[in-house]
Amino acid sequence: MAVLKLCEQPPLVQAIFSGDPEEIRMLIHKTEDVNALDSEKRTPLHVAAFLGDAEIIELLILSGARVNAKDNMWLTPLHRAVASRSEEAVQVLIKHSADVNARDKNWQTPLHVAAANKAVKCAEVIIPLLSSVNVSDRGGRTALHHAALNGHMEMVNLLLAKGANINAFDKKDRRALHWAAYMGHLDVVALLINHGAEVTCKDKKGYTPLHAAASNGQISVVKHLLNLGVEIDEINVYGNTALHIACYNGQDAVVNELIDYGANVNQPNNSGFTPLHFAAASTHGALCLELLVNNGADVNIQSKDGKSPLHMTAVHGRFTRSQTLIQNGGEIDCVDKDGNTPLHVAARHGHELLINTLITSGADTAKCGIHSMFPLHLAALNAHSDCCRKLLSSGFEIDTPDTFGRTCLHAAAAGGNVECIKLLQSSGADFHKKDKCGRTPLHYAAANCHFHCIKALVTTGANVNETDDWGRTALHYAAASDMDRNKMILGNAHDNSEELERAREVKEKDAALCLEFLLQNDANPSIRDKEGYNSIHYAAAYGHRQCLELLLERTNTGFEESDGGALKSPLHLAAYNGHHQALEVLLQSLVDLDIRDEKGRTALYLAAFKGHTECVEALVNQGASIFVKDNVTKRTPLHASVINGHTLCLRLLLETADNPEVVDVKDAKGQTPLMLAVAYGHIDAVSLLLEKEANVDAVDIVGCTALHRGIMTGHEECVQMLLEQEASILCKDSRGRTPLHYAAARGHATWLNELLQIALSEEDCCLKDNQGYTPLHWACYNGNENCIEVLLEQKCFRKFIGNPFTPLHCAIINGHESCASLLLGAIDPSIVSCRDDKGRTTLHAAAFGDHAECLQLLLRHDAQVNAVDNSGKTALMMAAENGQAGAVDILVNSAQADLTVKDKDLNTPLHLAISKGHEKCALLILDKIQDESLINAKNSALQTPLHIAARNGLKVVVEELLAKGACVLAVDENASRSNGPRSPPGTAVRKEE
């Protein structure tokens, strides 16, 4: 909120501050605007209310001032009057209809403001006009919260008397008692508790009033709560007690009081930290730690991650507290879950005084910690030279490796402090030592661009061409120094893009400096690693322009070819990673810009695929070909740019093409860039290709056009653009399907309608695919009701044409009852009797799929329940043979299907159910059979149902057949009886004479 100079304000505002009603009247009479706004949208009435001048307020309102005007914080004059505790001003404003429920931007009403500012008289005027005193602001706080927070005893009394909810909570579930306790308003705390406030209440994170008071050092409130008998060791959601909180905030007086009242000094929280851990770490916890130790706190207790209080002092460098812990029995070499002692932790964080204390007290400097590293490893890795000096003086085998074979010198080289390097070298560290990957300290220094470390190592004799297990030298690592990783690390601390870019430039220069020094000391830039890459490849891959320039000056290595086992050239690597500056350096030294990688892709292809516009521009400007196809998919850079929707790259490629036909170039599958753009839904790319007159009716190897693909993938805007270019909608693919078929199959009713209008206006409109299926077949098969409705609006679809497996069959076979109902309602109901080329009716289809609702629909439309197909089977037989018990139940019990019908092999429904082992279906049929002749009916193999049931081991069916009079002596064509012994496999049973 700005502070304005009174002398610069309008005369009316100055007169209000002067308190001169006569001058105000004169100014108003001179048409001074009574509703004029200042820079913060405050009116003269806001000023008068702020001053609490009732007479002037009255005068302004009678002169037309808006009583409920809001400033830019949404504060009304009533808010201002209440804040000034002016009862008279409040009464005048309310008399003139001031809104007592008005809210500011924090949703605070005048009552909130009154409560916060101890405006008791104002509150007494406002409250009778309110429906509730428990209205909450944006933070969920009521007027009682504000009164308690500010310690206004009289206001709290008034609000409680007027019905304020004493246990109302804000959005963090904090009560008025929490706020009063935190602020140390003992009289308010006592008053709230006396009126029934819940003394053990918790907020969302489990903090009680005791936690709140302890955190802010409110000793009197803490004593009062303890005297009331609250649970002293109550925990919050993190497992912290009031003692934890007091120690964390360095409230030693509260700590002393809690200990005197019996608080558990060794209570662990959810992470296993005790109050002593917090006291050891906190900024102001020294006295707290003394109190805890003197009252029996366990100095060696460990958290869940193994940290002792001594570890905590080591993290934060609290060396005085570390001495206290050690003097009271703290274990110096206690290890955490990573194996680190306090000395490791202190070394990592660079606390020299603490290291001195620990070593003096007997800490083991040669103890192995995380990854078997010494404290010296960690000090060197984090570039703490003074700590290294302290640790070196204790004496141990300096070249002892960690788990990964790294010595302290490796760590120092990675850390980048040359003083650490010199200290270790002067102590006899061997710079020839290799880690388990074969890397020397020089490799580490180069990888991190630590120039002075590289210089120190090379000067003392380090081999600049020493290779690691992957065949990489220090030059490889310097060339590959990851700027983006450094940028990311810097970004954790800074969020300024300019600053990050400057930092990147500094690192780039460091890398170039390191590289130049290595080259000056006979580093060989031609050495290739085991993947065939040399330092030029790495510099290109990581975009180090300066490094590339240096390397290209120093080497005659032919890097145009992907030789030496390398899969990609430097040009490919720079293009793929979008390093246009590095690319430009390479282009100056290259003759062939169209060299290929192992898959036949050029650098231009990779740049276009990744969408690196500047790289694409650099390549095409230098003459890179856009016609070169890869070896696998036969795609060009045009295809590559389209796949990921890189329209800028696509435009560059098209505008530099000499041959306009390039826009329709095809890949191995016959796909043009337009087809791919449509398939992937890249609208801008589609628009650009159409602008460049791409052929909308080009077909791929399966006959699909871009329109086919657009409808298949459902990209609406792409389809619309193709239709606007009059793309053929009757073009058939290799299966004879048009875009209409795909629209119907995919459920695109809107497109289908639009396509139909165009298709039906053309002559020779054939809408059958190679199998005779129409769009109606496909819509029905996939259950697309909206599409069916669109198609049935056209007269030509109200009769079934094409494949005799009709649209009704298609709907029924997949259980689309609503689609079938649409067809039956729009077309002659006699279509239920339509047969496919195998003579099967729609009822057969419903029975086959066990679709009960479809069966019932067809039966309601007089479907012939006993109609047989070409093999003599009824719908019941179809259901029985396929084990569709639901369909069998409906056909047998509701439709009363004929159980005596036989197929061409003389099988009854019962034979078929039993032959396939469908016990439930067989029992449903048996339940309706009373005729023994049907029970003993024989098929063409002279088998009765009993023969088949016995052979298939259907025990329950056999029992039911026998109960219904099945003949056990019946003989089939192999002379087998249903109850006789089975013949051995491969032998014939001799016929009885």
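Cβ coordinates come from backbone N, Cα and C, glycine included.
Annotated region 'Disordered' per Swiss-Prot: 974-993, in sequence order. The repeat 'ANK 2' feature in Swiss-Prot is assigned to 40-69. The annotation repeat 'ANK 3' is assigned in Swiss-Prot to 73-102. The feature repeat 'ANK 8' is assigned by Swiss-Prot to 238-267. As annotated by Swiss-Prot, repeat 'ANK 9' applies to 271-301. The repeat 'ANK 12' annotation in Swiss-Prot covers 371-400. Taken from Swiss-Prot, the feature repeat 'ANK 13' applies to 404-433. Feature annotation from Swiss-Prot assigns repeat 'ANK 14' to 437-466. According to Swiss-Prot, the feature repeat 'ANK 16' maps to 531-561. Annotated repeat 'ANK 19' per Swiss-Prot: 633-662, in sequence order. The feature repeat 'ANK 22' is assigned by Swiss-Prot to 735-764. Residues or ranges marked as repeat 'ANK 25' in Swiss-Prot: 838-867. Summarising the annotation, Swiss-Prot assigns repeat 'ANK 28' to 941-970.
Sequence-distant contacts of the repeat 'ANK 19' (633-662) (same chain, at least 6 residues past either end, Cβ-Cβ under 8 Å): 602, 604-613, 616-617, 620-621, 626-627, 668-669, 671, 673, 676-677, 680, 682, 684-685, 688-689, 692-693. Counting only same-chain residues 6+ beyond the ends of the repeat 'ANK 22' (735-764), those with a CB under 8 A from a CB of the stretch are 702-703, 705, 707-708, 711-712, 714, 716, 719, 723, 729, 770-771, 773-776, 778-779, 781-782, 784, 786-787, 789-791, 794, 796. Among residues of the same chain six or more beyond the repeat 'ANK 16' (531-561), those with a C-beta under 8 A of the stretch's C-beta atoms are 470-471, 473, 475-484, 508-509, 511-512, 515-516, 519, 525, 567-571, 573-574, 577-579, 581-586, 589-592, 595. DSSP places the residues of the repeat 'ANK 9' (271-301) in helix, strand and coil in these numbers: 16 helix, 0 strand, 15 coil.
When Cβ-Cβ distances below 8 Å are used as the criterion, the repeat 'ANK 3' (73-102) is approached by residues 1, 40, 43, 45-46, 48-54, 57-58, 61, 67, 108-111, 113-114, 117-119, 121-123, 125-126, 129-130, 135 of the same chain, each at least six residues removed from its ends. With DSSP classes pooled into helix, strand and coil, the tally for the repeat 'ANK 25' (838-867) is 17 helix, 0 strand, 13 coil. Mean per-residue pLDDT, taken over the repeat 'ANK 13' (404-433), amounts to 95.
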